[in-house]
Amino acid sequence: MSKTEALPLYERKHLKNTIPRLIELTILFLCFSLLGYRLLHLKNHGFIWLVALLCESWFTFIWILVVNIKWNPIAIKTYPERLLQRNLELPPLDMFVTTADPVLEPPIITVNTVISLLSMDYPANKLACYLSDDAASPLTYFCLVEASEFAKLWIPFCKKYNVPVRAPFRYFSDQSLFTGNSSSEFQEDWNIMKDEYRRLCQKIEEAAQKSVPCELTGDFAAFVDIDRRSHPTIIKVISENKEGLPDGLPPIVYISREKRPNHAHHFKAGAMNVLARVSGVMTNAPFMLNVDCDMFANNPQVVLHAMCLLLGVKDETDCGFVQFPQQFYDGLKDDPFGNQMVVMTKYLGRGLAGHQGQLYGGTGCFHRRKIIYGSSPEDKSGHGKMNIGDLEKTFGKSTKFNKFVAQALSSSSRTAESPESISKSIDEACQVASCGYEYGTAWGKEIGWIYGSITEDVLTGLNIHWRGWRTMWLRTNPKGFLGTSPSCGPNTLIHQKRSSTGLLEILFTPKSPFLGTLFRRLEFRQCLVYLYFLLWGPRSIFEICYAALPAYCILTNTNFLPKVNEPAILIPISIFVIFNTYCVSEYIQTNQSIKSWWNNHRMARIIAMTAWLCGFLSVIFKILRLSETVFEVTKKEQSSSIEDSDKKPGRFTFDNSPVFVPGTIILMVNLIALGIGFWSFIQRSGGQIAWGIGELACSIWVVLCFWAFLKGLFEKGKYGIPSSTVYKSAALVFVFVQIYRSS
């Protein structure tokens, strides 16, 4: 073995965490001290202190979960140059891109994502790109065909000049990405490519403005009179790379799976399972990458970085999948909507790396195909020896597909046995993409992307951890994948509502982390990791109750905090000061501003009391069989930094969604309480006021957190809270205040 081959492909570094641990334990000690104080004085204060005790007990439990996550931070560094120096054949990779609506997810965004994947620093004959279009849109297919033609020019240009970012919209819009090559040849090629990209954008824009993007004849005939809710499977091989050229255009396949009204389609999870099966009969790569349509490959060597982990581990059990963090470009200054997750990505991500592994995030993730097919770590001999009957019962009745399933499940499969011709596999691909193929099989139950939650990504990752696999989390420089974060109030809250709904659903599925720890191979501390995220929905109840407590105390002339002259007041004050100082320090260490911390803090309170509450109620209604959860697609934008003249970037926007009602109620209740409280203080004539400075400060703090809602009461248009929301909220507030006053 040469010296180069002896060097590891990656290194794990345990990060020093002494001071953060001391701070976290201090906060935990103070929380227990406050609970002890509550218990000792509970009988003297009654119901209001019982509510406070329950809320603070919940917050303490959540803090224990946070401490558990962050206790053992680990950083991973990869060495792709060592991988290239080794004398080994790089394994094939199938890449999946999913889109569901050409209006909410404009094709130009999808096109840039696809182009960035096709042009990565990896042999083209080892890549294949599959696009799943759940809208069966001729516009999306047209754009993909045009993008493939552009890619034939773009890929050689990128490889020739080592272009740092392979998404053309990003490369041509950011001057800092200009390579600085001053040669006349580069300047000429650069101008040619920019003109070609401009023409591509113009074609896509013109096609999007038409009711039909082109004549639906020839290759487009399959889209004639298409109904996105009921149509047969459409599979189109746009490019194939029959010559197997390492510098050519990788295969590109368009897929729109069969849809029928009386068949459940299982949203994105169903689309991903179709992609797994179709790719299984067409290219059958041992590794798979999936990205959302708006998450382009920002680092040209991202595949090599991932392969350093997938190929570099001594035991495959230690690396079931490699998850890259969701990171964003062109975020608004100071993160006004609190959704860029810079601090969470750094601190929680490193902490998760110290457990059984990172949760599957649904995008930017590299999988081992055999794990998606249900392989367990103890299957050393491979499931490839399953008999035909078992294969058909588990994977479906496609002989060709099952042949490649058996090969993929072999424990030694780093190189795949792929079909001789992709285009000759279309009939088999259509069979495995039919809506009835999964009936009577284990798809969505034990293999593939798991059904039962609209956050199918987390549920699928949980299923992988259940079986005993460990997973890895990787940050690279430059960042691996970049996307867009919601840049308005409704989109932010819709996204969070969907997440909290799906996460809570997982607790009530057969794949619950409790069952995984008791009966399978999910580690206890990893179970606690999952609980931190799965309990987003229930957290809303305790957040709302605690936010209403100071208002209730002021309205009923009671108190839920120790008085200023009592030594015990130092406990909640210390928790408040130490916790927020600790959080601010984390933002400063990640080069974020204090305003960014404040924006994230207030948005965390808004999200918890609005979006998470609606998500919690959605699950309750589902359990009671009053409604079904619905997957809501959030609108994607090309860049949040592109502003129209009438836009006010960073301003909170509203619509008629009921998600804004709880926040408006909380704001109104605290405003009324503050008004009545100040009036009572001014008008008091010898009467004693039971509430104190603590309740007053807490109520003011709640109002400050909901300052965007306060401004929305006086604004008009999309920056104002709709009248219907105000009227509903005011009616409920009136009822609540009357109850308070009569208490």
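The backbone N, Cα and C atoms fix where each Cβ goes, glycine too.
Predicted automatically and left uncurated, TrEMBL annotations should be read as such.
Lifted from TrEMBL, the feature list:
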ACT_SITE  D134  active site
ACT_SITE  D457  active site
BINDING   E105, D134  UDP-alpha-D-glucose binding site
BINDING   K268, D292  Mn(2+) binding site
TRANSMEM  21-40  transmembrane segment
TRANSMEM  46-67  transmembrane segment
TRANSMEM  529-549  transmembrane segment
TRANSMEM  569-585  transmembrane segment
TRANSMEM  606-624  transmembrane segment
TRANSMEM  659-682  transmembrane segment
TRANSMEM  689-709  transmembrane segment
TRANSMEM  721-740  transmembrane segment
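Nearest to D457 (active site) in space, judged by Cα atoms and limited to the recorded positions E105, D134, K268, D292, is K268. Non-local neighbours of the transmembrane segment (689-709) in the same chain are 489, 547, 549-551, 553-554, 557-564, 569, 572, 601-602, 605-606, 652, 660, 663-664, 666-667, 670-671, 673-674, 677, 680-681, 721; each lies 6+ residues outside the stretch with a CB under 8 Å from one of its CB atoms. Of the candidate binding-site residues, E105, K268, D292, the one lying closest to D134 (active site) when CA atoms are compared is K268. Of the candidate ranges 21-40, 46-67, 569-585, 606-624, 721-740, 721-740 contributes the most Cβ pairs within a distance under 8 Å of the transmembrane segment (659-682).
Counting only the Cα atoms, the space from E105 (UDP-alpha-D-glucose binding site) to K268 (Mn(2+) binding site) is about 14 angstrom. The number of other Cβ atoms within 10 Å of the Cβ belonging to D292 (Mn(2+) binding site), over all protein chains shown, comes to 24.
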